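**Q** Attaching a single structure in structure tokens format; questions to follow.
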Amino acid sequence: MEKDLVTSLKDYIRAEETKLEQIKKWADKLDVLSAAATQDPEGFLGHPVNAFKLMKRLNTEWGELENLVLTDMSDGFISNLTIQRQHFPTDDDQTGAAKALTRLLDTYKLDTNTISTGELPDSSLVASHRSILTVDDCYDLGKVAYSEADYYHTELWMVQALKQLDQGEMSSTVDTVTILDYLSFSVYQQGELERALDFTKRLLELDPTHQRASGNLKYFEYQLVKQKKAEDKDEDNARPKTKKDRLDDYLPERKKYEQLCRGEGITMTPRRQSRLFCRYYDNDRHPKYVIGPVKQEDEWDRPRIVRYHDIVSDTEIEKVKELAKPRLRRATISNPVTGVLETAHYRISKSSDVRRFMTLRQAN
């Protein structure tokens with residue numbers, strides 16, 4: 001779809017360039033005529049051909065030029081864009097993709113610079129397909145975290161955005177002041193008053209008229225004085241908050257899940273490994289599988305996990321995809337209290353139930 005839109009955009013650019021070229025040629029021609037005419041107007045118009053051509057230009061040709069200038073060459077591109085826009089991702093899709101990128105950051109214990117430079121530790125990712133994150137990209141990722149009150153990840157992405165901006169990235173539409181504004185608040189929310197104060201001071205050096213930063217500066221200084229007094233008096237109830245690494249997770253199995261993703265799960269001993277086999281499986285001499293047994297591979301012993309190979313043909317796979325694609329919808333979960341199916345921010349996939357449609361096709 002995007003490839004089609006780019007082709008349409010280039011067609012529009014070529015049409016505009018052709019139009020401007022015609023206008024430019026006309027302007028150059030008139031520039032030469034005007035220069036000659038203004039040197040000796042009476043002598044120039046004394047020639048009947050010149051007089052006729054002047055009348056013609058003023059009466060018709062300037063009108064034709066007006067129509068050319070007013071011609072909107074963007075109609076085709078705008079029409080195509082309007083048609084395609086109905087298939088565009090939504091804000092929820094973009095937010096989901098941003099959260100997924102941050103989830104990769106946590107799951108594989110990566111740093112923002114690794115993701116930003118595209119140097120992901122995955123040999124299956126072709127180097128020619130590597131893509132980098134700009135300052136604006138990092139800023140947008142930080143804003144998604146900020147909207148979720150996830151100040152830990154807000155700080156990570158905003159620091160990366162600031163780093164790239166300080167390194168001289170010039171194409172950014174976001175400025176240092178805006179990033180520092182987010183940074184000062186996010187680190188403050190994590191209990192780091194001194195860093196919040198440092199970011200605020202740097203912001204005010206760039207924009208002394210920033211009202212919120214001016215107010216925050218006084219507040220942070222007051223809180224630091226208060227904190228210092230409390231520490232001197234050793235008042236436990238007034239100690240500052242400690243910095244949190246990540247938000248408390250609502251899923252108790254999250255850490256184990258992430259360990260498995262990183263390949264940090266239980267390692268099978270050689271003895272156990274030796275008991276895993278591959279075989280042709282006939283389901284206790286089932287007539288169907290006696291004729292065509294299936295390939296079965298042991299993946300794990302306790303609990304027993306097996307993998308079946310070549311169960312579905314490529315043709316059948318394509319048919320399922322064909323049936324599912326137009327019916328894909330945001331996946332849901334069952335609310336444990338009400339039992340109602342609803343979307344969840346941690347499940348951003350799309351799914352489709354094709355069983356009914358496949359049954360109908362078989363019946364037909």
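Placed from the backbone N, Cα and C atoms, the Cβ positions cover glycine too.
Okay, these came from TrEMBL:
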- 1-121: domain 'Prolyl 4-hydroxylase N-terminal' (DOMAIN)
- 135-224: domain 'Prolyl 4-hydroxylase peptide-substrate-binding' (DOMAIN)
- 177-210: repeat 'TPR' (REPEAT)
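Could you tell me the structural context for the features on the list?
**A** Helix first, then strand, then coil: DSSP counts for the domain 'Prolyl 4-hydroxylase peptide-substrate-binding' (135-224) stand at 71 helix, 0 strand, 19 coil.
Residues 139, 142-143, 146, 149, 151-152, 154-155, 158-159, 161-162, 165, 216-217, 220-221, 223-224, 227, 240-244 of the same chain sit 6 or more residues outside the repeat 'TPR' (177-210) yet have a Cβ under 8 Å from a Cβ within it.
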**Q** For a three-state summary based on DSSP, what are the helix, strand and coil counts in the domain 'Prolyl 4-hydroxylase N-terminal' (1-121)?
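**A** Counting residues by DSSP class gives 100 helix, 0 strand, 21 coil.
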**Q** What average pLDDT is reported by the model for the domain 'Prolyl 4-hydroxylase N-terminal' (1-121)?
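**A** So the average pLDDT across the domain 'Prolyl 4-hydroxylase N-terminal' (1-121) works out to 90.
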